[in-house]
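Quick look at what Swiss-Prot annotates:
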- 1-97: region 'Testis-specific N-terminal extension' (REGION)
- R109, I110, D130, K175, Y197, T217, N412: NAD(+) binding site (BINDING)
- S247, C248, T249, T278, T307, G308, R330: D-glyceraldehyde 3-phosphate binding site (BINDING)
- H275: site 'Activates thiol group during catalysis' (SITE)
Amino acid sequence: MSRRDVVLTNVTVVQLRRDPCPCPCPCPCPCPCPVIRPPPPPPKVEEPPPPKEEPPPPPPPPPPPQIEPEEPKEAPPPPPPPPPPPPPPPPPPPKPAKELTVGINGFGRIGRLVLRVCMEKGVRVVAVNDPFIDPEYMVYMFKYDSTHGRYKGTVEHKNGRLVVDNLEINVFQCKEPKEIPWSSVGNPYVVEATGVYLSIEAASGHISSGARRVIVTAPSPDAPMLVMGVNEKDYNPGSMTVVSNASCTTNCLAPLAKVIHERFGIVEGLMTTVHAYTATQKTVDGPSKKDWRGGRGAHQNIIPSSTGAAKAVGKVIPELNGKLTGMAFRVPTPNVSVVDLTCRLAQPASYTAIKEAVKAAAKGPMAGILAYTEDQVVSTDFNGDSHSSIFDAKAGIALNDNFVKLVSWYDNEYGYSHRVVDLLRYMFSREK
């Protein structure tokens with residue numbers, strides 16, 4: 001070890017010093033002299049430095065002054081929700097067409113006669129739809145008619161179209177109204193003559209496929225009912241896209257009831273229609289679960305039946321709602337029917353006064369709708385008559401001045417078809 005060695009022990013520094021021998025002799029140590037050397041002084045042990053005192057931790061910051069929480073203020077009421085946006089405006093109705101065009105759905109009795117009447121009155125038919133009849137068969141069915149005779153013009157088919165008096169008519173064979181491409185033939189007014197699509201929802205399939213308006217040729221459960229000469233002015237082009245032309249019997253009864261009620265007042269009444277048989281009946285006895293009597297042979301029987309025609313008058317003449325009801329007898333004749341209206345009058349009137357009131361209406365505001373006759377007529381005399389109602393002055397009777405029976409004839413096919421076309425033209429005139 002050198003003269004100065006430093007030993008680090010437990011972090012304590014000890015310094016050792018070796019002094020020379022105190023012996024006076026010059027010999028090298030160890031010295032042989034007997035001199036007793038004093039023991040070396042104990043090594044100085046340095047005291048370890050006192051540990052450094054760590055500075056005391058800083059005093060914690062004084063707590064923030066406690067702020068007493070403010071009493072919660074009542075929250076202001078939330079602002080009212082914004083008003084709901086207005087509903088989108090309805091789609092604008094199609095622009096008025098320059099010419100009335102007609103489509104016919106269903107080429108049965110009424111469908112074919114509507115086409116005949118359109119040809120007579122110069123109304124252009126652009127399409128006929130019937131899934132069960134092809135153009136060749138349409139020619140035959142339109143040309144020959146056992147009740148109204150042979151069509152006097154020309155009828156043929158060409159390139160899949162029906163051609164009547166050189167007018168080409170498109171033929172479609174779609175099963176559902178929504179499938180018929182009415183938009184491809186110029187958005188016509190559609191005559192719904194199948195007897196199937198009677199409600200607004202069912203008939204609106206025509207609208208979705210391009211029809212401008214729809215006239216249902218039967219009473220409807222919910223469509224507005226319009227009878228020419230009675231309430232056609234109730235037609236609203238802005239809201240009515242599907243309307244009903246009511247039934248042939250309602251078209252006969254309503255004009256007569258309107259005249260009598262406006263002039264004398266009807267307290268109550270019962271109607272009976274003696275009605276020609278129709279295609280819904282059986283030629284011989286057959287099954288008819290809903291109407292057992294209706295299943296009996298039409299040519300062999302007088303068959304009592306129900307009808308809603310009298311009650312329907314209350315829909316077109318609201319003042320008579322609940323005052324009329326009626327029934328029908330189906331009889332073995334192919335066409336022309338007759339209404340018997342038995343009613344109690346509010347104002348006493350002679351039968352002569354009643355006849356004069358009906359005669360004046362037939363010559364005036366109801367000309368072409370209501371007719372008057374004093375001839376000794378029978379049903380076939382009115383086959384092909386275009387009026388809705390022909391008052392038979394010689395057939396009616398009166399019990400007294402307040403209780404009368406009134407009789408009026410109607411061609412339930414041809415007269416009704418004329419009213420369908422008249423309603424088409426009236427509705428079209430309201431769009432201009």
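Note that the numbers count up from 1, one per residue, in the order the chain is shown.
Each residue, glycine too, has its Cβ placed from N, Cα and C.
Shown on the structure are the features that Swiss-Prot records.
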residue: R109; record: NAD(+) binding site; CB count, 10 Å: 22
residue: I110; record: NAD(+) binding site; CB count, 10 Å: 25
residue: K175; record: NAD(+) binding site; CB count, 10 Å: 11
residue: C248; record: D-glyceraldehyde 3-phosphate binding site; CB count, 10 Å: 27
residue: T249; record: D-glyceraldehyde 3-phosphate binding site; CB count, 10 Å: 27
residue: T278; record: D-glyceraldehyde 3-phosphate binding site; CB count, 10 Å: 15
residue: T307; record: D-glyceraldehyde 3-phosphate binding site; CB count, 10 Å: 22
residue: G308; record: D-glyceraldehyde 3-phosphate binding site; CB count, 10 Å: 16
residue: R330; record: D-glyceraldehyde 3-phosphate binding site; CB count, 10 Å: 24
residue: N412; record: NAD(+) binding site; CB count, 10 Å: 24
Check the binding-site residues T217, S247 for other C-beta atoms within 10 angstroms of each C-beta and report the one with the most.
-> T217
Listed binding-site residues among S247, T249, G308, R330, N412 whose Cα sits within 10 Å of H275 (site 'Activates thiol group during catalysis') = T249, R330, N412
What residues, ordered by sequence, lie under 8 A Cβ-to-Cβ from Y197 (NAD(+) binding site) and sit at least six positions away in the same chain?
-> N105, P177, A203, G205, H206, V216
Near N412 (NAD(+) binding site), which of the binding-site residues S247, C248, T249, T307, G308, R330 can be found within 10 Å, Cα to Cα?
-> S247, C248, T249
K175 (NAD(+) binding site) to G308 (D-glyceraldehyde 3-phosphate binding site) - Cα separation in whole Å | 28
Ordered by sequence, the long-range same-chain Cβ contacts of D130 (NAD(+) binding site) under 8 Å (at least 6 apart) are N105, G106, F107, G111, M138, Q173
Candidates S247, G308, R330 (binding-site residues) - the one closest to R109 (NAD(+) binding site) by CA | S247
List, in sequence order, those binding-site residues among T249, T307, G308, R330 whose Cα sits within 10 Å of the Cα of I110 (NAD(+) binding site).
-> none
Rounded to a whole number of Å, the separation of the Cα atoms of T249 (D-glyceraldehyde 3-phosphate binding site) and T217 (NAD(+) binding site) comes to 12
